[in-house]
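Trainee: Copying in the features that Swiss-Prot gives for the protein in this structure:
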type     : residues : note
TRANSMEM : 5-25     : transmembrane segment
TRANSMEM : 27-47    : transmembrane segment
TRANSMEM : 63-83    : transmembrane segment
TRANSMEM : 132-152  : transmembrane segment
TRANSMEM : 170-190  : transmembrane segment
TRANSMEM : 253-273  : transmembrane segment
TRANSMEM : 283-303  : transmembrane segment
TRANSMEM : 327-347  : transmembrane segment
TRANSMEM : 356-376  : transmembrane segment
TRANSMEM : 379-399  : transmembrane segment
TRANSMEM : 484-504  : transmembrane segment
TRANSMEM : 524-544  : transmembrane segment
Amino acid sequence: MAAQGFLLIASFLLILLVLAKPLGSGLARLIAAVPLPGVAGVERILWRTLGITDHEMNWRQYLLALLTLNLLGLGILFCLLFWQEWLPLNPQRLPGLSWDLALNTAVSFVTNTNWQAYSGESTLSHFSQMAGLTVQNFLSAATGIAVVFALIRAFTRQNVHTLGNAWQDLVRITLWILFPVALIIALFFIQQGVPQNLSAYQPITTLEGAKQLLPMGPVASQEAIKMLGTNGGGFFNANSSHPFENPTALTNLAQMLAIFLIPAALCFAFGEAAGDRRQGRALLWAMSFIFVVCVAVVMWAEVQGNPHLLAAGADSSVNMEGKETRFGVLASSLFAVVTTAASCGAVNAMHDSFTALGGMVPMWLMQIGEVVFGGVGSGLYGMLLFVLLAVFIAGLMIGRTPEYLGKKIDVREMKMTALAILVTPMLVLLGSALAMMTDAGRSAMLNPGPHGFSEVLYAVSSAANNNGSAFAGLSANSPFWNCLLAFCMFVGRFGVIIPVMAIAGSLVSKKVQPASQGTLATHGALFIGLLIGTVLLVGALTFIPALALGPVAEHFSLP
């Protein structure tokens, strides 16, 4: 079993690197604002049609453009969901969502979280899925990538005040990266058996003679961008454990690769844009090391099995509870770590049914800020925040002003870095405390003791870090939970983006200093170790007390 697990991990990472490197070169061209081959003429027509100029923006203008787009999308999506019953392509005549659920869902998809407090097949029409959720899957992914483009330009430019044109970046990212890759993935899913239609639900008679209603809809198109954009919101309630979303072992592998594809490619793009590919590889090595260790721990925990089930006479020594037999324990464990290392949140198994330690690792990966590959764009700019913190710590140890890629890291950058890193831990800890202190929060818990607290902690961690997965034993569709998690999702997204853009605005105006003998090399094994240590240290100091009350206490309570 151990050999199979490591072979699965190695094969997955090898295929990922082969696919990510050429995509990284394309992303690097977009960072440099160089049109991809053959599309320059198309872009000129688009700019004239859309009224987009070549005028570059400073960080405030760039940020304002992104906030305007996202707030407008939030309002439109809320209206689509709230008045769903009056809109077309609703063959099941599903009613509109309540105001709190519509708000929660709109915030969720605009912030790239895709937390779902509803069952998709019994709540949303085809129109809501296509015109509402799928559109936001593209726009939220493009927003994250645009932010990291601006931050990368801040390191590669000097003595200027502009970071590019947000509207051009958003259009290029959507049309030349997200759409074509998502189209290829969607066609593959259709070939594998994923539905893509606008039909009403189909009544059938099962082998036992019972009547059943099979949900239909444009599943493949939404599934593709759901994974590629690290969105994660399922067309069906069971998400990627549903055979209509993830029917085969091949689609399961393709979904995991799609989740990591752009985050890994952005590391290569960062190295090319910085003029030193070793810089991007260093970040990729750091992410990969943490990822492999986490996958190994989850696989080990799930292979050990659940003592309660073993004592009850379960016919399997491994923990197959909540897992699909067509995937098995190893592929389910790998998927769980992939989806929580990235801010995706799609699931092919129920994380609530994992062992205590097996469920703790995905929770902790979210809590450290979704920086192990992370979401599209957000993972890299989150890791770059830890890079700035690591060079600051190194500068304190050797008595030098910290710098990264030749840019001096001053007080302003460190204040913004600290703010961005502290936003999500504060939301997680304060939000969990509020839920446990109120009757409205506790009433949603379906399990007592440490596991019940773990469900609450997981939900708030998922929302604040824009992941979207859940320990399903929490009845979260209530005004209290919908409003609390909507607030966490919104602040967790834009409360990080705003200081990141402020850092970019500060760095882009600085001169690149030539390296000297005392300059810390940020591409070697020493710095990779320092970066990993910084990520682990922040995660450990912040969340060990909370984890001790939840999954750790649950683990030690097992026989």
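Here, residue 1 is simply the first one shown, and the rest follow in order.
Every residue, even glycine, has its Cβ placed from backbone N, Cα and C.
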Trainee: What stretch in 5-25, 27-47, 356-376, 484-504 has the biggest tally of Cβ pairs under 8 Å against the transmembrane segment (63-83)?
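Mentor: Per the Cβ count, the answer is 484-504.
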Trainee: Can you see whether the transmembrane segment (5-25) and the transmembrane segment (327-347) are touching - at least 3 CB pairs under 8 angstroms, only pairs 6 or more apart in sequence?
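Mentor: Yes, since the transmembrane segment (5-25) and the transmembrane segment (327-347) share at least 3 Cβ pairs closer than 8 Å, they count as touching.
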Trainee: Output the single range from 132-152, 170-190, 253-273, 484-504, 524-544 maximising the number of Cβ pairs under 8 Å to the transmembrane segment (356-376).
Mentor: 524-544
Trainee: The transmembrane segment (27-47): which same-chain residues, six or more beyond its ends, come within Cβ distance under 8 Å?
Mentor: 53-54, 145, 149, 152-153, 156, 164-165, 168-169, 171-173, 175-177, 262, 265-266, 268-269, 272-273
Trainee: Can the transmembrane segment (253-273) be said to touch the transmembrane segment (484-504) if we require at least 3 CB pairs below 8 Å and skip pairs under 6 apart in sequence?
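Mentor: Counting Cβ pairs under 8 Å, fewer than 3, so no.
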Trainee: Considering only Cβ pairs within less than 8 angstroms, which of the stretches 170-190, 327-347, 379-399, 484-504, 524-544 has the most against the transmembrane segment (132-152)?
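Mentor: By Cβ pairs under 8 Å, 170-190 leads among 170-190, 327-347, 379-399, 484-504, 524-544.
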Trainee: If we skip the immediate neighbours and take only residues 6+ beyond the ends of the transmembrane segment (524-544), which ones have a Cβ under 8 Å from one of its Cβ atoms?
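Mentor: Beyond its ends, the transmembrane segment (524-544) has Cβ neighbours at 282-283, 285-286, 289-290, 364, 367-368, 371-372, 383, 386-387, 389-390, 393-394, 421, 425, 428-429.
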